Amino acid sequence: MAGNTFGQLFRVTTFGESHGLALGAIVDGCPPGMELTEADLQGDLDRRKPGTSRFTTQRREDDEVKILSGVFEGKTTGTSIGLLIENTDQRSKDYSDIKDLFRPGHADYTYHQKYGIRDYRGGGRSSARETAMRVAAGAIAKKYLKEHCGIEIFGYLEQLGPIKAERFDKSIIENNPFFFADPDKLDELDAYMRDLKKQGDSIGAKLKVIATGVPVGLGEPVFDRLDAEIAHAMMGINAVKGVEVGDGFAVVEQHGSEHRDPMRPDGFLSNHAGGILGGISSGQEIVVGLALKPTSSIMVPGETIDKQGNPAEMVTRGRHDPCVGIRAVPIAEAMLALVLMDHLLRHRAQNFDVVTETPKLK
């Protein structure tokens with residue numbers, strides 16, 4: 001099965017299924033000499049792991065990561081870093097009654113048609129459980145980017161269903177179960193999600209992820225433009241149906257005189273482009289938005305077919321997220337970190353001695 005590796009110089013390969021024995025990753029290309037422990041990865045994994053609030057799946061996984069290789073005496077060696085997370089709370093019996101049915105809106109049908117065989121337990125490889133390893137690998141990239149380049153990455157939920165953030169308070173993002181940035185909306189979100197769970201339904205969401213301190217020059221035109229690579233990374237996250245950089249789809253209603261980002265000697269006057277011009281980072285904040293669909297794993301009956309093509313009706317039982325956008329925040333952060341780390345190494349490889357007389361703006 002192809003498509004399990006991401007990146008060129010900083011390469012991440014993941015393996016494992018939702019109800020398998022374990023999940024794993026091999027991280028190639030991490031520079032040597034960086035201090036690294038399992039605790040450095042665990043923080044982001046704890047933010048993503050299931051069962052941390054009543055508004056996410058109640059599957060209980062500790063998601064404790066083990067570093068198997070690539071670290072000696074607390075420092076990276078420059079060799080492959082092996083990572084492993086054991087699965088401990090699989091309930092495969094929840095799926096035994098639907099093993100011959102295709103859950104509508106899921107990857108069941110397409111995986112079956114492509115490979116002729118599929119792991120029906122929790123979606124197998126197509127499950128968002130796989131993203132735990134992306135978060136672990138992304139934590140390595142985030143640590144290097146912050147310590148060596150001053151690049152920091154954070155994300156937050158901007159909209160859940162009809163509820164939109166109307167103000168931004170970064171200090172509360174990590175202090176509520178929604179990763180929401182508007183403190184005035186938390187009670188409304190709580191009530192909305194409680195009602196949604198009673199209905200047995202799900203809802204979509206929009207989140208934003210931002211990278212600060214990114215230097216000018218990252219990105220490889222024309223086919224590996226930085227924004228193209230970011231879109232590729234984000235679209236690879238389960239349930240993501242749309243990605244925008246900067247003002248994104250709002251540019252449709254903007255005039256050129258409004259959208260362009262004027263420059264003065266002391267910096268840019270705006271950032272409609274989201275920190276990327278011509279596929280290359282401009283030195284401003286990189287701003288990325290993601291739209292995630294409502295999960296199809298719901299208690300509302302839906303029409304489908306079985307393996308023989310016979311009509312059927314089904315309800316998806318088991319433990320599922322009523323809004324997958326909530327736990328997608330640390331996943332999106334990780335994917336942005338992987339892109340920036342890869343392009344940082346690629347930029348150094350080709351352009352480490354490039355010097356211009358033009359000042360670097362922010």
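Cβ atoms are placed via backbone N, Cα and C, with glycine included.
Per Swiss-Prot, these features apply:
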- R48, R54: NADP(+) binding site (BINDING)
- R125, S126, S127, N238, A239, G278, K293, P294, T295, S296, S297, R319: FMN binding site (BINDING)
Restricting to the chain of R48 (NADP(+) binding site) and a gap of 6 or more, list residues whose Cβ falls under 8 Å of its Cβ, or answer none.
D63, T131, A132, V135, R327, P330, I331
Number of Cβ atoms other than its own within 10 Å, given for K293 (FMN binding site):
17
How many other Cβ atoms are found within 10 Å of the Cβ atom of A239 (FMN binding site), counting all protein chains shown?
21
Show which residues of the chain containing T295 (FMN binding site), separated from it by at least 6 in sequence, have their CB under 8 Å from its CB.
G105, S202, A239, H320, D321, P322, C323, V324
